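Asks: I have a structure I would like to understand better, so I am pasting it below and will then ask my questions one at a time.
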Amino acid sequence: MQKAHETPGNTATEPPANKAAEATGSSIAKLTKRAAITQIVTAIVANITIISSGMGIGFPSIAMMELTNSTTSVVLSESDASWFGKAKPGVAIGLSSTPASVYAAEVAHPQLRGRLTLLTAGCTGIGMLLVYSLGYMFKEDWRYVCTICGVFTGVSLITVIPLPESPSWLVGKKRLLEAERYLKVIRAIKEDNHPEIKAEIKSLEDNLARFRSSETKKSSKIVQLKKPEVYKPLSIMCIFFLFQQFSGIFVIIVYAASFSVEAGVAIDPFLSAVLVGLTRVVTTILMSFISDKFGRRPPALFSGFGMACCMFGLAACAVFPVADTEYNWIPTVLLIAFIFTATLGFLTLPFSMNAEVYPTKIRGFASGLTIFFCYTMSFIILKSYPAMVIAIGNENVFLFFGLVSLIGIAFVYFFLPETKGRTLQDIEEYFRGSKTTSSDATKQDSKA
């Protein structure tokens, strides 16, 4: 894996492949105000179904406290609850997050891609906030909350029907006339045979041809995974997701109400869950601007550091309880601060970057494979969390999450590439093997 300081498309003496990538960037239609609005609306509509996924992720948090109560008609054991807490969120977002984020990345102009790929995280957060709020309002009626979630899901599915197909995908299927027609819609260009549209279609064809250049016959997905432009980003993203899951982010999201109790939060656990959801939504909106201004790496580094500090603080509160003191507000602040810093990087960036680092021909498959790995790791940590608390205690669980966050900082520093301001073709060329130096990368980043 290349070092993180090597950013895509930066070389002292650029080879032909990089010149092609550079041409790709210049051939993309200029981002007009009308085109920006069109792409933003398109990406928002594509991500509406993700709101229902977010509701699916958050639902176990507000339902499990009642379902594990022996006075209810449906009672789950601790083991049953851990399965319920993981299976439902995994199915809910596993089927919908990859298509929406990949679609947003493929239709977005490079200047907008960072913000639009964060829509997946933002809509997930909105869905969770909605279900947390419903749980707070209807604390003893999880069936009513479930019904509302189901109705919203049905309605959201209808909204994606009129969406234009991804031009990148259509080019890969050799449906060039359709690709040109839909690209004109997405770029808000009405003229036929517009030179910028023709140039962008040509660049997509050229990029696809370069990907296929080493093939003498149609290769399987497994063969494609052996190419550096595929296995390098796949390795990086899987490891990034590994740190995301084992730093405790999803534990707090899925077990928000019960985690608040275990962390010593003094307020109502359902209200605490609402605050967690609200913090995530607000921070995701903030992140959409931070990501475009500062790139991906600086927020990720800050995120890991903040998460580690918050977890170490919660561990200290577990060792030295503050519930009955004037400092009983500290666990609440640490929990909210953890969600804030996590959303600035480790929670949102893996999902948004997963949509932009893979070649067009295999983007859907590779992104899906990465998400499969992500939720496999999520299953392991969520299933293990209750047993970990019993076996080693809250304080040591918090310490474990903090240490993972610290190690994640090192990974981001040394291996996570910067994708800010790069076209998808630039990123593909970088992973294909363009040689760069740290000084070249630094110079290019300063210009970005």
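Glycine is no exception: its Cβ is also placed from the backbone N, Cα and C atoms.
Below are the features listed in TrEMBL for this protein:
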- 1-420: domain 'Major facilitator superfamily (MFS) profile' (DOMAIN)
- 1-25: region 'Disordered' (REGION)
- 40-63: transmembrane segment (TRANSMEM)
- 116-136: transmembrane segment (TRANSMEM)
- 234-258: transmembrane segment (TRANSMEM)
- 270-290: transmembrane segment (TRANSMEM)
- 302-323: transmembrane segment (TRANSMEM)
- 329-352: transmembrane segment (TRANSMEM)
- 364-385: transmembrane segment (TRANSMEM)
- 397-416: transmembrane segment (TRANSMEM)
Asks: Using a cut-off of under 8 Å between C-beta atoms, tell me which stretch among 116-136, 234-258, 270-290, 302-323 contacts the transmembrane segment (364-385) the most.
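Replies: It is 234-258, which has the most Cβ pairs under 8 Å.
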Asks: Which one of these stretches, 116-136, 270-290, 302-323, 397-416, has the most C-beta pairs shorter than 8 Å to the transmembrane segment (234-258)?
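Replies: The listed stretch sharing the most Cβ pairs with the transmembrane segment (234-258) is 397-416.
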Asks: Among 116-136, 270-290, 302-323, point out the range having the most Cβ pairs under 8 angstroms from the transmembrane segment (397-416).
Replies: 302-323
Asks: Near the transmembrane segment (302-323), which same-chain residues lie under 8 Å Cβ to Cβ, leaving out any that are not at least 6 residues past its ends?
Replies: 243, 247-249, 263-264, 266, 330-331, 334-335, 337-338, 340-347, 349, 393-396, 398-399, 401-403, 405-406, 408-409, 412
